[in-house]
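Database features, via TrEMBL:
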- Cys27: active site, nucleophile (ACT_SITE)
- Ser312, Asp374, Asp375: Mg(2+) binding site (BINDING)
- 27-249: domain 'Glutamine amidotransferase type-2' (DOMAIN)
Amino acid sequence: MSHHIADPVVHREHWREPDDDQLRLECGVCGVWGAPENEASSIVALGLHALQHRGQEACGIASVHNSESFFTERHMGLVGEAFGNADLTNRLPGCAAVGHTRYSTAGGSFLRNVQPMFADLDQGGIAIAHNGNLTNFKHIHAQLVSEGAIFQSTSDSEAILHLIARSRKAKIVERFIDALGRIEGGFALVAQTRFKMIGARDPLGIRPLVLGKLGEAWVLASETCALDTMGATFIRDVEHGEVVVIDEEGLTSIKPFAAQAARPCLFEYVYFARPDSIVNGRSVYEVRKEMGRRLAQEFQIEADIVVPVPDSGVPAALGYAQAAGIPFEMGIIRSHYLGRTFIQPSQASRQKGVRMKHSPNKAVLEGKRVVLIDDSIVRGTTSLKLVRAVRAAGATEVHLRSASPQILYPDFYGIDMPERSQLMAATHSMEEMRAILEVDSLGFLSIDGLYEATGAGPRDNTAPQFTDHYFTGEYPTRLLDREAEEGGREMRGKKVSILTVNA
Ligand SMILES: O=P(O)(O)OC[C@H]1O[C@H](OP(=O)(O)OP(=O)(O)O)[C@H](O)[C@@H]1O
Ligand SMILES: NC(=O)CC[C@H](N)C(=O)O
Ligand SMILES: [Mg+2]
């Protein structure tokens, strides 16, 4: 028997469209507790605007009114379209609210997967917003479904709600923590119950979460740039493995996991976070500039101009230009009217998208030897288009530099990084890449150069300061679902070779 439902993917092999394998962004989460009457949702909407770069697929806000009623709105599309210029005081009333801006990593892009997700528990409602990806979702899902759970979505985040609902503990915070004990992977969570806001970060702190204050109100957000937009003051990072509970009593910090060293995600510095954010105490802008400076030291080259691939390549190019003493020029102009990643369902339309997003600036490129700087090269689609465009605009030489090392391995913690077969550096040698990208020379920042740029010193190979699995293949956790697919092969801490890399 078959019946039509909007999302029939749960029991299929493909958890997303087979061709939908673009490097995607992250989700953004934020929440406020104790805001003036009916203002919480407007404050959260501001925070979500600032976190738009972390996800452009969908967004939502859930508010709590009078510690009694929950109001939720979930929309496909951008925050501005959903919540901009609107009076939210009636639509989403209350002094507490939580919000989410989504890029899917588990489950397709449609309304039932949009967050915050809400459940009515026996103690009252709970709304949760999740940034990250659970590495044991399929395992938990199979177990819950066999016990009779009925999932309303195909998103991994819903599993957390089921686990909270099924916990035998008495109190909501205990049930929340009970659920955290069952999930694995990367997560930054912000939840609202009738009386409390709860924030949590995974045991390694892979995903970011910061705490702030706005007058008397407490604020949680993925990045400090959201605090700035909301008008809140940064208090501190939520620590790795920490649960913060905010209610009438104030803030309570709980450390429910076995203590271990933090391993935040290095890619927040490379690409995800907004340059004006402070991540793990370091300015993202400064780190990116330093990546560029180190890139210039690692590869010295004669050139006339340094050109960034906007947006995220800009600070590294600035650092490079300053260190190399070569003028920085905006040789590529980026359209303001296209999203950060112009996701298209096919490779052909993706290529067209890259063409629409960036245009060469002939006036500065003509007759010049160009160093082109991007933060990362994933599939190579952006690079090849731009190299051709820069040459067509009259550049005499093009030297391409990536301000991060070669991306060789997929991510399972909230970055929708493609499989190795799609990653250019995983399937080609340096010389092959140079030839395919049609550049005079090609260079990638070393892993130590990247670590140094963060201010953390060189990579400590026995206890790395960050998780850098996309560069090294060393995953900081076990990967239950993936390991099951790989026939039970342990992947944690190992150099994983799913496909052979050409030297
Ligand atoms: O090798 P590729 O598969 O083409 O992917 C790499 C590109 O994707 C990212 O930019 P994106 O367009 O997502 O965002 P940005 O505008 O913030 O740079 C990244 O900064 C690279 O430019
Ligand atoms: N990028 C993310 O953090 C996504 C969150 C969640 N896994 C989802 O797919 O909705
Ligand atoms: Mg880019």
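Including glycine, each Cβ sits where the backbone N, Cα and C put it.
Counting only the Cα atoms, the space from Ser312 (Mg(2+) binding site) to Cys27 (active site, nucleophile) is about 17 angstrom. Rounded to a whole value, the Cα-Cα separation of Asp374 (Mg(2+) binding site) and the residue listed as 'active site, nucleophile' is 22 Å. Counting only same-chain residues six or more apart in sequence, the Cβ atoms lying under 8 angstroms from the Cβ of the residue listed as 'active site, nucleophile' belong to Arg54, Gly55, His100, Thr101, Arg102, Tyr103, Gln115, Ala129, His130, Asn131, Gly132, Ser222, Gly414. Around the Cβ of Asp374 (Mg(2+) binding site), 23 further Cβ atoms fall within 10 Å across all displayed protein chains. Around Asp375 (Mg(2+) binding site), the same-chain residues six or more apart in sequence whose CB sits under 8 Å from its CB are Val270, Tyr271, Arg288, Met291, Val309, Ser312, Gly313, Ala316, Ser402, Ala403, Ser404, listed in sequence order.
Residues Cys27, taken from the recorded positions Cys27, Ser312, Asp374, Asp375, are distinguished by a CB atom under 6 angstroms from ligand 2.
Mean per-residue pLDDT, taken over the domain 'Glutamine amidotransferase type-2' (27-249), amounts to 95. In this view, Ser312 (Mg(2+) binding site) is surrounded by 22 other Cβ atoms within 10 Å of its Cβ, with every protein chain counted. Annotated Mg(2+) site Ser312, Asp374, Asp375; additional same-chain residues within 8 Å of its Cβ mean position, judged by their own Cβ, are Val270, Tyr271, Pro308, Val309, Asp311, Gly313, Val314, Ala316, Ile373, Ser376, Ser402, Ala403, Ser404.
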